[in-house]
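Asker: Just passing along the structure, written as structure tokens.
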Ligand code: CDP
């Protein structure tokens with residue numbers, strides 16, 4: 001496999017993480033969930049009692065260790081919000097940029113996040129923008145966190161939180177969440193994870209780097 005870089009961007013709980021893991025496994029490529037970088041920065045800021053919105057978090061970003069990304073407390077609701085807030089700080093994004101580029105330098109990668117196709121790898125070989133309605137994303141996130149279906153009230157609360165985070169991610173001045181012009185849109189509302197993977201594999205198979213390899 002030639003070093004292929006696949007960028008997968010999209011809003012919270014759209015299914016990009018699930019797709020990225022499966023795609024990387026199928027293609028034998030390294031995978032980086034870039035959201036974990038921002039989650040780890042947010043988590044460490046909370047542990048240090050600092051304000052994720054008002055305090056500069058770039059020192060935390062600069063000293064992130066690989067073990068910080070393996071913490072088991074990164075996927076909690078308070079960290080969802082903390083991650084979004086530190087991710088809106090330009091100095092934090094700058095501190096994490098080279099680390100993300102280095103990750104893919106040797107062997108290519110599947111990278112998922114918000115700005116991979118627009119800022120981290122604007123020249124990525126393949127760009128996918130994975131999205132779903134806020135309702136579907138709220139249901140999925142609830143099932144992921146609790147293992148069972150939410151009530152109507154729980155859906156509406158989670159939907160409001162997801163929409164608030166979408167707003168912070170899309171409205172920030174630096175590297176906002178947006179679909180790159182050349183990204184292929186995959187709407188996952190009515191697709192199973194296997195169907196999303198099949199669609200992505202089909203897109204990858206038609207890429208010139210892959211067809212040249214199979215000749
Ligand atoms: O899993 P989920 O989609 O909810 O979030 P995530 O991918 O773990 O990302 C957590 C937060 O980090 C997002 O809400 C963004 O604010 C931020 N993020 C970002 O700004 N840029 C990225 N490349 C990845 C995540």
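Cβ coordinates are placed from backbone N, Cα and C, and glycine is handled just like the others.
Per TrEMBL, the features are:
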type    : residues                           : note
DOMAIN  : 6-204                              : domain 'Cytidylate kinase'
BINDING : 10, 11, 12, 13, 14, 15, 16, 17, 18 : ATP binding site
Asker: Other than 10, 11, 12, 13, 14, 15, 16, 17, 18, which residues of the same chain sit close to ATP? List them in sequence order, counting a residue when its Cβ is within 8 Å of the Cβ centroid of the site.
Answerer: 19, 112, 130, 131, 132, 137, 188
Asker: Look at each of the binding-site residues, 12, 14, and point out the one with the fewest other Cβ atoms around it within 10 Å.
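Answerer: If we count Cβ atoms within 10 Å for the binding-site residues 12, 14, the smallest count is at 12.
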Asker: Taking the Cβ of residue 16 (ATP binding site) as the centre, count every other Cβ atom within 10 Å, in any protein chain shown.
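Answerer: Residue 16 (ATP binding site): 28 neighbouring Cβ atoms within 10 Å.
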Asker: How many other Cβ atoms sit within 10 Å of the Cβ of residue 10 (ATP binding site)?
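Answerer: Its Cβ has 26 other Cβ atoms within 10 Å.
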Asker: What kind of secondary structure is residue 18 (ATP binding site) part of, going by DSSP in three states?
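Answerer: The residue in question, residue 18 (ATP binding site), is helix (DSSP, three-state).
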Asker: Measuring CB to CB from residue 18 (ATP binding site), give everything in the same chain under 8 Å that is also at least six residues away in sequence.
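Answerer: Correct list: 193, 196.
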Asker: 10, 14, 18: which of these binding-site residues put a Cβ within less than 6 Å of any ligand 1 atom?
Answerer: none
